[in-house]
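Database features (Swiss-Prot):
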| type | residues | note |
| --- | --- | --- |
| ACT_SITE | E115 | active site, proton donor/acceptor |
| BINDING | H7, H66, E115 | Mg(2+) binding site |
| DOMAIN | 4-119 | domain 'VOC' |
Amino acid sequence: MIQSINHVTYSVSDISKSINFYKDILKAKILVESDKTAYFILGGLWLALNEEKDIPRNEIRYSYTHMAFTIEESEFEEWYQWLNDNNVNILEGRTRDVRDKKSIYFTDPDGHKFELHTGTLQDRLDYYKEEKPHMKFYEWDEVDKTDNNRE
């Protein structure tokens, strides 16, 4: 049985530059570092960085693939200003309905996309149920969220 996400690993082109970004900009707690690897705790998640200098990185900008972290709505402007003040590449977000809450999309030095989001999964489902009748919705409850009902 899958219990949870164990860790996320990103390939980076410059480990020192990436360590500074994750530690100083995202305020991740660094656990270990070497000349090619770094481990952090970020939002309760084990995040690993591995330096791989000689791989192409051009296609990453075309993908919507990203990792999102929850922030409080009251901290939204503060986070936006912090990223902007630190010259982080902030991306133009998609047009949103207010029921879908707020998001800031940005990239790390290698172009990996991140989102800081003020909503929850339930917020998104409630909004989609109201506005997207073409979607099929399935029932789920708190037990389903943790897979406790599976053997």
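Using N, Cα and C of the backbone, Cβ positions are placed for all residues, glycine too.
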The domain 'VOC' (4-119), counted residue by residue under DSSP: helix, strand, coil: 32 helix, 41 strand, 43 coil
Number of other Cβ atoms within 10 Å of the Cβ of E115 (active site, proton donor/acceptor) across all protein chains: 16
Confidence summary (mean pLDDT) of the domain 'VOC' (4-119): 91
